[in-house]
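Below is one structure, written out as structure tokens; the observations come after it.
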Amino acid sequence: MSRDIVLTEVALRDGSHAINHQFTVEQVVEVARGLDEANVPHIEVSHGDGLAGSSLQYGLSRTHELELIEAAVSVCKQAKVGVLLLPGIGTIKDLNTAAGLGVGMARIATHATEADVSAQHIYRSKELGLTTVGFLMMSHMAAPEKLAEQAGLMQSYGADVVYIVDSAGALLPDQAGERVRALKQCLNIPIGFHAHNNLSLAMANTLVAIQEGATWIDGSVRCLGAGAGNTQTEVLLAVLDRMGIQTGVDLYKMMDLAEEIVSPILQVPQEITRDALVLGYAGVYSSFRLHAERAARKFGIDSRDILIELGRRKAVGGQEDMIVDVAAEIAQLNSSTKIR
Ligand SMILES: C[C@H](O)CC(=O)C(=O)O
Ligand SMILES: [Mn+2]
């Protein structure tokens with residue numbers, strides 16, 4: 001079957017952030033089976049922060065991710081199950097274990113300017129025979145030329161594809177386009193694009209990315225992803241179909257999966273809430289939203305103030321501990337202002 005666009009469904013990984021890492025084996029089996037039957041080629045399954053992400057810092061998983069991965073692999077007849085790995089959180093050992101469970105793809109994620117830390121993980125993933133993807137997070141924080149240089153490093157380590165990842169959902173359409181163009185000029189491997197919908201631009205940015213030559217695209221069914229979610233997979237499929245772009249994925253099956261299986265999993269409907277909007281507006285890592293909301297409740301302050309300050313300080317993934325520090329500082333400041 002011909003596919004112009006290669007889809008990776010991320011709800012079972014990025015969506016883990018949105019439900020506080022509470023996926024059960026039954027939910028993963030149902031969703032993965034539905035995605036496989038709809039002919040989705042890649043399904044990512046891991047803790048939201050990748051292999052070994054379950055921790056106090058990032059949030060504890062209800063079910064060990066290896067159980068979830070194994071369950072997904074067991075029901076997929078055609079789809080490759082993939083894992084995300086952030087070097088420093090996950091290790092080569094975790095990658096070996098995941099490969100042993102039958103995953104077919106590894107996505108090695110680094111901050112947009114730190115591709116050099118992905119070398120060993122990319123080498124190992126290739127040795128294991130996995131489709132290997134470089135994943136440059138918080139791409140709005142790197143100028144197009146810098147991003148292209150970093151993508152070039154991942155290509156030189158052996159990555160099969162490199163993704164521009166708009167972790168904060170902060171990119172404007174022309175910024176997404178110029179980043180894809182810059183990578184296109186330097187790479188001879190496919191380019192991917194991963195969006196977040198915090199500014200309601202996930203679809204627009206994805207279409208611009210495709211127009212500029214990105215061919216590997218992420219989506220989350222029913223928008224089940226961090227922040228306001230990702231490009232909504234079933235909507236993207238309909239739009240691409242209208243544009244005459246082949247994905248090979250069955251639209252009706254995806255619509256049914258979204259409505260009947262994924263919607264009931266959502267703790268609250270995926271909307272652009274005020275906090276999600278501030279993520280995009282201030283350029284903050286989408287997975288910080290629930291952490292910031294918890295800290296705001298604890299300190300009796302406005303979660304938007306925390307997110308704006310994190311954006312000002314240019315906090316990046318891995319700095320989740322800063323959220324509570326910032327909240328405590330704001331609370332302190334608020335109380336000293338009141339005293340005066
Ligand atoms: C660890 C992050 O959630 C990876 C991701 O999906 C993003 O940066 O966006
Ligand atoms: Mn994401």
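Yeah, the Cβs are placed from backbone N, Cα and C, and that goes for glycine too.
Note: TrEMBL annotation is automatic and uncurated.
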Candidate from Asp4, Asp14 that TrEMBL assigns to the same Mn(2+) site as His194, His196: Asp14
Where the C-beta lies under 6 angstroms from ligand 2, the matching recorded positions among Asp14, His17, Tyr285: Asp14
In sequence order, those binding-site residues of Arg13, Asp14, Ser167 whose CB lies under 6 Å from ligand 1: Asp14, Ser167
Rounded to the nearest Å - Cα separation of Arg13 (substrate binding site) and His196 (Mn(2+) binding site): 14
Pairwise Cα distance for His196 (Mn(2+) binding site)/Tyr285 (substrate binding site) [Å, integer]: 10
